[in-house]
Amino acid sequence: MNSNAVIAIHGGAGTILRASMSASAETEYHAALHAVLSAGQRVLADGGSALDAVSEAVRLLEDCPLFNAGRGAVYTAAGTHELDAAIMDGSTLEAGAICCVKRVRNPILAARRVLEGSEHVLFTGEGAEAFAAAQGLELVEPAYFDTEARHRQWLLARGQQRAMLDHDGATLAAASSSNHDDEPTPHEPIDPNRKFGTVGAVALDRHGHVAAATSTGGVTNKQVGRVGDTPLIGAGCYADDATCAVSTTGSGEMFMRMVAAYDVAAQMAYRNVSLEEAAHDVVMNRLPKIDGRGGLIAVDARGNVTLPFNTEGMYRGFARLSEAPVTAIYR
Ligand code: ASP
C-alpha cells in the first residue's frame, strides 16, 4: 500500500485584488475547497482509486456555483452554456471526454462513462448528450446552469463585444456595481476580471496509481462551438503512472498550443527532471512566451505535489491521508 496517497484540486486562477476581497467570500471559497478535499481524502482512505477520487472531487466542484463548471458555468455569446470535461486514468492510459454539452448535469461523470464504456475518447454536443442519456446520467434543463453572477458578467462582456475569462467578467461586474469605478466591490478574493474558473483534481491512490480530471464552462461570451483546452487529453488533462497526473486552468488556446499537461509528463520522461521542475518550466517559462496565463496542479506516483501558477492567485488545495487539508488562494 502506498502511504503517500494524496489529492490536489483547483478552482481557477487569476489576478488578486486584495481590495476586492471580502472576508466572507474568502471564507466561503476556503470552506468549499476544504469540503471537496475532505471528500476526496475519504475516497482514498477507503482504498478507492485515484480515478474515483478525482471524479468525486470534480463532481462536487461542478455542483458548487462558486466555480465555472457545471452549475455556475459561464455564458456563451448566445446566452447559453456549453460545458467541457475530461478524465484520464494513469494506470491504463484510458481517457474519456465530452465537449459542448448543454444538458448533462455533471459533465465529469459523462467523461468517466466515455472512459469506461466506449471505445472512443471524445464526444461532442448532441452525440455526447445522447451517450450520457443512454448511460443513465442525469440530464437537466439548460437553465439549471444559470446563476445571477455569471449572467451579469456575460452582459458586461457582451457590451464590450469580446470573450473573456470567467473572472475577467466577474471583476467587471463588481466594478460596474460600485460607485467608485476604480475600486472593485468587495466580492471575490481573486479579481474576478482576471480569473479562470475551470475546476480540476489530480490524485495518487494507495495502490500507487494516478488520475486527473478537469471540467469547465469555458470563457464568458465565447463563440458557440468554441472548445478550449479542458476536454483535450494532453492539453487540459493528462495522467500516466510512469510520470504524473496534471489538470490545468487558464487561457485555453495557449494551453492547447503548448500541449501543456502532456508537456509536464513529457519533460519528466525525456529530460528526466522532477515533477516540480517540469511543471514550473511549463507554467513559468513556456506558457508566458505565448502569453499563456493560468496554472496547473500535478502529482506523481511518489506523492510529490506541485501547484504552480503565473497569475496572482489560484484557488487550490491538497490533502494527504490523515492530515488536515491545506487550501490557499494567493501566492
Ligand atoms: N481553460 C479554460 C478554457 O479555456 C478556461 C479556464 O480555465 O477557466 O476553456
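Positions of Cβ are set from backbone N, Cα and C atoms, glycine also.
Record features, source TrEMBL:
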REGION    172-193  region 'Disordered'
COMPBIAS  179-193  compositional bias 'Basic and acidic residues'
ACT_SITE  Thr198  active site, nucleophile
BINDING   Arg226, Val227, Gly228, Asp229, Thr249, Gly250, Ser251, Gly252  substrate binding site
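Of all Cβ atoms in the protein chains displayed, 31 besides its own lie within 10 Å of the Cβ of Asp229 (substrate binding site).
DSSP gives Thr249 (substrate binding site) a strand state. Proximity of the recorded positions (Thr198, Arg226, Val227, Thr249) to ligand 1: a Cβ under 6 Å from the molecule is found for Thr198, Thr249. For the pair Gly252 (substrate binding site) and the residue listed as 'active site, nucleophile', the C-alpha distance works out to 10 angstrom. Taking the C-alpha positions, the distance from Gly228 (substrate binding site) to the residue listed as 'active site, nucleophile' comes to 11 Å.
Under the DSSP three-state reduction, Gly228 (substrate binding site) is assigned to coil, being neither helix nor strand. Over all protein chains present, the Cβ of Gly250 (substrate binding site) has 28 other Cβ atoms lying within 10 Å.
A distance of 13 Å separates the Cα atom of Val227 (substrate binding site) from that of the residue listed as 'active site, nucleophile'. Taking only the Cα positions, the spacing between Ser251 (substrate binding site) and the residue listed as 'active site, nucleophile' is 10 angstrom. Other C-beta atoms found within 10 angstroms of the C-beta of Thr198 (active site, nucleophile) number 34, with every protein chain shown included.
In terms of local Cβ density within 10 Å, Thr249 ranks first among the binding-site residues Thr249, Ser251. Around the Cβ of Gly252 (substrate binding site), 29 further Cβ atoms fall within 10 Å across all displayed protein chains. Calculated from their C-alpha atoms, the gap between Arg226 (substrate binding site) and Thr198 (active site, nucleophile) amounts to 15 Å. Within the set Arg226, Val227, Gly228, Asp229, Thr249, Gly250, Ser251, Gly252 that the record links to substrate, no two Cα atoms are more than 16 Å apart, and one pair reaches that distance.
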